[in-house]
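Right, one structure below, let's go through it.
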Amino acid sequence: MAGLSSSQIPDGEFTAVVYRLIRDSRYSEAVQLLSAELQRSPRSRAGLSLLAYCYYRLQEFELAAECYEQLSQMHPELEQYRLYQAQALYKACLYPEATRVAFLLDNPSFYSRVLRLQAAIKYSEGDLPGARSLVEQLLSGEAGEDSGGENDPDGLVNMGCLLYKEGHYEAACSKFFAALQASGYQPDVSYNLALACYSNRHYAPALKHIANIIERGIRQHPELGVGMTTEGIDVRSVGNTVVLHQTALVEAFNLKAAIEYQLRNFEAAQEALTDMPPRAEEELDPVTLHNQALMNMDAKPTEGFEKLQFLLQQNPFPPETFGNLLLLYCKYEYFDLAADVLAENAHLTYKFLTPYLYDFLDAMITCQTAPEEAFIKLDGLAGMLTEQLRRLTKQVQEARHNRDDEVVIKAVNEYDETLEKYIPVLMAQAKIYWNLENYQMVEKIFRKSVEFCNDHDVWKLNVAHVLFMQENKYKEAIGFYEPIVKKNYDNILSVSAIVLANLCVSYIMTSQNEEAEELMRKIEKEEEQLSYGDPDKKIYHLCIVNLVIGTLYCAKGNYDFGISRVIKSLEPYHKKLGTDTWYYAKRCFLSLLENMSKHTIMLRDSVIQECVQFLEHCEIFGRSIPAVIEQPLEEERMHTGKNTVTYESRQLKALIYEIIGWNM
């Protein structure tokens, strides 16, 4: 029946055909037929009513509202059309318009439904006192017999939502749980319960409720293709159907992704997004689009920025979008763009940025032009947060003394949240001096924060880095690098390659060569095991360790050994040559060439020959490897032919020939 026009339908069959299409959820085709029919009979009540229904089911709420508005004008005595119009406007997030239409309804039989709608509008607008007042009216029975009572499932859900928005997550959980017990399994209520658990940092029960939603969704609706995309199966979009909405699968997978991301299980987070029922990109909801942008930012930053910028133009957009876009601009050092977005969207600043986040972003933007002023701003923010941390530490101690477990849990959660705000402020302060290569001052900043941060992995890692960079504190650096590596020793490739490399160098510089060799054997063994499962996978850990060690020897003037180590580290080239590894290798070669041109070193012909052969291999294997990763929002892109390892290796080879006077 695809593409069927009204002229092809036999006389007397039109209504039956339309109802069959609606029965089969083929709303788009029904819309085509009804729209054509209404051009001939624009005042057909039945046609407009069915068209409005189809638009509503297709989630084209503004179009549905327009149809219901026409119907209410044609039939003012039928107030249900005005109610439907208000509901469609609410669904379209046109809250002032929905409120205006709802106020026109004075039929007592619609009173409780209007109250529910008005409460939902106020809740969506963020007017929680107004929403609570209307919900309490409903619960008290003032709205008539069908308004429910205190133990009515709808009432419990409404109260749960209000408690959630007010930050009372434990109480919200109780309401949602009671609603499920009263009504039986409801996907949307189960999702609400999972969300409240997540917000209360109870990740295990949240994941349990999510797993239940997913399991039931798969069992009851196998046609939704859950997990197909992750498995690499090419499937068509399932669309934004009512069935998909009713299963709460999209919401569940998004929440699962958020939890895994919070737990730093980034692969699992990405998998949760690809596991959800397949839809075309233009069909994605704002939350999924936002999460895709965030979780693929490292691999596809340009795409991520485009998605977040697009979302900011939509109404509504996830409330985190504004802050996340600004933070990412600062992370990628697009401070001018961050300043422009803040200036152009002052109305969003007060709505979506906390005072802490605004002050932090303001300091970060100031860093670009006035680092001293930025440091003072960050210091003020750090002082405020350290006061809060001390107060919360005292609260925890007092609560433990009084054996008040509930207060302990609440204070510990608040402490953790405050610490997560403090760490970025501290790191931003440290980065100002790091950029000036004033490592002693960076160390001093970190030492001031030891009271709160000594157990925090990010703090420990950065302390290790600053000790390492001072070149006379390798032993102290080992004390910070070692616990990080040992914590992940059974999965050593999950540790950053530069951490492993710096630890190896620190061992070598403190004459602990056996420890360095043992660590390198461990890395090599894990890389070999990984290669058995996926022979074509590029793994750079051991390569980068060897490159950093080679760089160390080059820096000490031992180019014979250093360059040889660098060259051997990149074998086999098809598995070890990449943008990052080339970066380390070319630095050593540039240093070598600089010293050769100054005649401060002399290399044996055999070493020079080895260098030339190495660069020729890089020329062969580096054709499709970018020499540098370009910034995602650069307007002027590098020439694609020049931004390759092949091009740069030819340049280096030409420089070698020029310096040593060989004929090419």
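Placement of Cβ uses the backbone N, Cα and C atoms for every residue, glycine included.
Positions annotated as coiled coil by Swiss-Prot: 507-534. Within the chain carrying the coiled coil (507-534), a Cβ under 8 angstroms from the stretch's Cβ atoms is held by residues 474-475, 478, 485, 489, 491-493, 500, 541-542, 545-546, 549, 552, all 6 or more beyond its ends.
The repeat 'TPR 1' feature in Swiss-Prot is assigned to 11-44.
Across all of the repeat 'TPR 2' (45-78), the predicted model scores a mean pLDDT of 93. If you look up Swiss-Prot, you'll see 45-78 marked as repeat 'TPR 2'.
Nonlocal intrachain contacts for the repeat 'TPR 3' (153-186), taken as residues 6+ away from its ends with a CB within less than 8 angstroms of a stretch CB, comprise 116, 119, 123, 128, 131-132, 135, 138-139, 192-193, 195-197, 199-200, 216. According to Swiss-Prot, the feature repeat 'TPR 3' maps to 153-186.
Across the repeat 'TPR 4' (188-220), DSSP assigns 30 helix, 0 strand, 3 coil. Residues annotated as repeat 'TPR 4' in Swiss-Prot: 188-220.
The residues of the repeat 'TPR 5' (395-423), classed with DSSP into helix (H, G, I), strand (E, B) and coil, number 26 helix, 0 strand, 3 coil. Annotation comment: Swiss-Prot describes 395-423 as repeat 'TPR 5'.
The repeat 'TPR 6' annotation in Swiss-Prot covers 424-456.
Within the chain, the repeat 'TPR 7' (458-491) has long-range Cβ neighbours (under 8 A, six or more residues past its boundaries) at 423, 426-427, 430, 434, 439-440, 442-443, 446, 449, 499-500, 502-503, 505-507, 509-510, 512, 519, 522, 526. Taken from Swiss-Prot, the feature repeat 'TPR 7' covers 458-491.
Broken down by DSSP into helix, strand and coil, the repeat 'TPR 8' (543-576) contains 28 helix, 0 strand, 6 coil. Per Swiss-Prot, the feature repeat 'TPR 8' maps to 543-576.
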